Amino acid sequence: MGSLSTLNLIKTCVTLASSEKLNQPSQCYTISTCMKSSNNPPFNYYQINGRKKMSTAIDSSVNAPPEQKYNSTALEHDTEIIEIEDHIECIRRLLRTAGDGRISVSPYDTAWIALIKDLDGHDSPQFPSSMEWVADNQLPDGSWGDEHFVCVYDRLVNTIACVVALRSWNVHAHKCEKGIKYIKENVHKLEDANEEHMTCGFEVVFPALLQRAQSMGIKGIPYNAPVIEEIYNSREKKLKRIPMEVVHKVATSLLFSLEGLENLEWEKLLKLQSPDGSFLTSPSSTAFAFIHTKDRKCFNFINNIVHTFKGGAPHTYPVDIFGRLWAVDRLQRLGISRFFESEIAEFLSHVHRFWSDEAGVFSGRESVFCDIDDTSMGLRLLRMHGYHVDPNVLKNFKQSDKFSCYGGQMMECSSPIYNLYRASQLQFPGEEILEEANKFAYKFLQEKLESNQILDKWLISNHLSDEIKVGLEMPWYATLPRVETSYYIHHYGGGDDVWIGKTLYRMPEISNDTYRELARLDFRRCQAQHQLEWIYMQRWYESCRMQEFGISRKEVLRAYFLASGTIFEVERAKERVAWARSQIISHMIKSFFNKETTSSDQKQALLTELLFGNISASETEKRELDGVVVATLRQFLEGFDIGTRHQVKAAWDVWLRKVEQGEAHGGADAELCTTTLNTCANQHLSSHPDYNTLSKLTNKICHKLSQIQHQKEMKGGIKAKCSINNKEVDIEMQWLVKLVLEKSGLNRKAKQAFLSIAKTYYYRAYYADQTMDAHIFKVLFEPVV
């Protein structure tokens, strides 16, 4: 093969980067380009891995590639490594000081707090710092709201609230006039605004503020504009959906917008107050309640917020559950969660303390109201980390055959249903509610995509539709961690993401540019290590004469990709390469046995030598193919230390016996691979009863998936449809997921190896070759920018 540097390879294939369709890679892209030998190191090898000479690295690692230690002294002065360490430390500080959650200030809620009169009877605000915050944070155009993103709903509801607060105390008249002018000149924009981006409760609270402004004699606002009449009509429709007798008895979403309601019976409503004194964690709703009731718990809640935010108030608080769940989700999907294992464990322990199998969770702890978004995310992450949670909690959000974020919602949107879909994929056997949720969510999201109606009610993100599209095309069983990360790094909005509540808001623990930058740096670092290992794999391929066994370079690349797409960490090079090589060596042996020219005597002689011979170094001198097999396996085993080598050799002996008996199918290969992985990771647990149960189930699943893959290949695997329609396999996968995720006496990492192997078999059976080739390029060769 000719020489081609990785840098040139990237330039050749870079047009694929613009193709987001999983099943339609760029026309100029061919996987064979990526398989050409490279005598040059990866483009950033010296930046990432110190300045070791390439020839030395290759020569010393044909059998066991060197691990590029994260904390190696040789890397201390490397710019990217220092940057990675700085980002990790910055994020650790952020996570360790999460408290009740970080969230931006809402002018609207701050204005409502500023309306509270002095408790001692003076004609002044009880919280002058809130009044000062309002006065100090008007934008140059006269409005209040998110400085960097213009949403007319957000700007208008914030501005009318701040104008009312300023006029109530007869201060800053010029600021009032600028605000009134902004409302007058921009209220017509509501006619063409995206309804999906309407702030929460806008149709309830905006008319109420207009009425208050009009009763105060504030002139210049077009109170009778047609668009305002439409908003009043929307208000009436919403209030009819949730009758007032229900509002006074049950915790509904209207508790979040009490300031927009009339004729309230406060004695009844105070019974629905949250333990922290708030009404559904809303400062504005709670401020309105305090104005009418002088309830001490309401006051304490407001006082704490004003102190915490130095006069300001967010639209909701606390956000400890929401912030923790979404932070963990982002860190996991960005592929950087391994740097923050203790912080993630603490986050999920906190969430679990406030989880209810009867109700679920809300954005803030101890809420009397829950929603499907937080509950779905909590269900998925808690289950994934070994906590017992009951998915039947989702029945609270199901009416007839539909799921909704919460009762009374007028318009269902994409992001909560997408989180429901993701949670539904961690189904255990017999969990019908998750089966129903999966079918509903997939259909709902597919229809949204097809009709291009993916704008969301809760999140403004440039790549949300792409994220959902990829999520539907990549079911969890068939998703490799590095493939998911390669897409999500592009889809993740970082600090540009804007959340929609009563006003627009930002969440630093969720939408964070430092997360994204660390993910990019880490991905590049891992990718450079993988590219280096691929060079070793190609040298190994040639030196072991694999082409003579009918094994193509493409097959070796795919085997290595499955390993590196799952075990991607730089420090796990030994496990990753052992996985890939064990798959190829087993293929070599089966290829030798399946050759028509191989006699029975030759087969038996090779088996005897592999099983009982010493497999000494002198065998490398043999020129026949059986000698190559012996030498290759010897070389592989010598890459392990003596104790580990004994364990791996025992696994190979078991597999070779199955070859002898004609039972070396996909399940046997999976067992060999899993044992090798766990042995490399010093997980010597094969005598544990749970280990044997997992092994048998994984073997069974992988055998069936191998048959499905073979059938698809016979029908034309290159462009075959990406799907698996086998109910039996799916049920067995549910059992495997249950055994792996539920806590037991078996080490979690050892159990995870079984699921990882099974998912690679599912991946191969699910995707067409063309799609797999696109993933290979994206994970191993496409630059991350």
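Including glycine, each Cβ sits where the backbone N, Cα and C put it.
Record features (Swiss-Prot):
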- LYS238, LYS457: substrate binding site (BINDING)
- ASP371, ASP373: Mg(2+) binding site (BINDING)
- 371-374: motif 'DXDD motif' (MOTIF)
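Within 10 Å of the C-beta of ASP373 (Mg(2+) binding site) there are 27 other C-beta atoms, taking all protein chains into account. Averaged across the motif 'DXDD motif' (371-374), pLDDT for the predicted model comes to 96.
Residue counts for the motif 'DXDD motif' (371-374) by DSSP state, with H, G and I taken as helix and E and B as strand, are 3 helix, 0 strand, 1 coil. When the neighbouring Cβ atoms lying within 10 Å are counted for each of the binding-site residues (LYS238, LYS457), the highest count belongs to LYS457. Of the recorded residues, ASP371 (Mg(2+) binding site) and LYS238 (substrate binding site) place their C-alpha atoms 18 Å from one another. Of the recorded residues, ASP373 (Mg(2+) binding site) and LYS457 (substrate binding site) place their C-alpha atoms 12 Å from one another. Classification of LYS238 (substrate binding site) by DSSP places it within a helix.
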